[in-house]
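Report on the following structure.
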Amino acid sequence: MSLVMLPMILTPAFNMVFTIMVAREVSLSVYGVFSYVMTLIYLVIGFSDLGLRDYFLSKKGKDKDYSSASTLASFTSVNFIILAIVLCSYLSEEENSSYKLIFISLLAEAFAMAVIHKSIYYVYQSANKLSNFSKIDAILRVLPITTKMVFFVVAGHLVEALLVGSMVALLIYSLWFLKIVNYKEIKNKARNIKYDFKILIRDWKEWSLFTLSFFSYFLYFGADKLVIKYIVGVDGLAIYAAAMSFMAIGQIVVGVLWSLYMPRLSRGEQLWGYKRFVLGLVAAGLLVACFFQVFSSIVFKCLYPESYDYAGYILSISSLYFLFRMPNVILEIYCVIDDEYERFVKLRLCLGVLSIILSVLIIPSVGVIGASYALVLSEMLLTISLLIGRKHLR
């Protein structure tokens, strides 16, 4: 299990170090542009497969005739190209050319993660070899980021560093994919690709839940940055993004908890009782929130320039989110076990929309900290709703 968790830990950690390096070397506005474009890149990576990878691995999707690595790669590639063209055209409207330059410099890596990486993951997971995948991925994931760091330190140019690291990501994942791909399967599937696409689109209701699941998460961690950029501007976004980059530390804990307990509870293993699990994760959430209170007031100021001091306060407020996110992990797992995951996704989607509405209403009055208030409130309402809902179901 430790091998499976390794990429979850290393990738956010290395990304966080790189973002700190960038913030220390570039102006507030440039960092804001960088953060904004990164949000769009995450959108492209997350939306390109429309949740099909997870659907193909689910109980309903794994036995479908069109469920294959080649279909996933083909479908995702088409969506990726469409999204990339739309967003690139959109960024062309910006007066500052840095938006488009940074976006283009990251497209190779985005393709590697959106298309190739997801296809490789599918191949290994469908063969029940996830530990083998994680072992290799843990090493490969850090290579592009390390390349960016080294190039940025040596050359001092952000766009060039992003471009070089992006090309490294595309190269290494392409080589890995070519090594494991079943060429016979690709050849056979290529003959029926139009038919597979037709059936796949016809079955959209079956996999749309996985699309909504990603979108609901993006509303919490992504859409808020877009709102801030258009209400406050890139300088405000830079400060907010600096604070939120450290939220990845807490999200690592969330990912580890999910990976540890989701498979075991789904198999019916008798671990802790429901109430004990919830109380235990409430305590864990309290510990994480306390850690961030200390971190934001002491350590944060040592890592970022003085112009980012307000970000420490934003982080201290935003981290209260983990008081509710931690118990929500186990509540979400029980929703899956009870075949109530669709209800959970719809509820999270509605509260994600509420979070954005609150941000739009609050930010003009209180500034970027309003997005933090909206985030914490929405997650708290999700916890309350899930607790009440499960009590009702029981």
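Residue positions begin at 1 at the first shown residue.
Quick reminder: no glycine exception, Cβ is built from N, Cα and C everywhere.
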If I go by TrEMBL, the feature transmembrane segment sits on one of 204-223, 304-323. Which?
204-223
Find the member of 161-183, 204-223, 273-295, 369-389 that has more C-beta pairs under 8 Å to the transmembrane segment (345-363) than any other listed stretch.
369-389
Tertiary contacts of the transmembrane segment (72-92) (same chain, 6+ residues out, Cβ under 8 Å):
37, 40, 43-44, 47-50, 52-53, 56, 99-100, 103-104, 107, 110-111, 114-116, 118-119, 122, 193, 197, 200
Hey, which of 29-52, 98-117, 204-223, 273-295 has the most Cβ-Cβ pairs under 8 Å against the transmembrane segment (161-183)?
98-117
In the same chain, who gets a Cβ under 8 Å from the transmembrane segment (204-223) while lying at least 6 residues past its ends?
39, 42-43, 46-47, 50-52, 54-55, 58, 60-61, 244, 247, 341-342, 345-346, 348-349, 352-353, 355-356, 375, 378-379
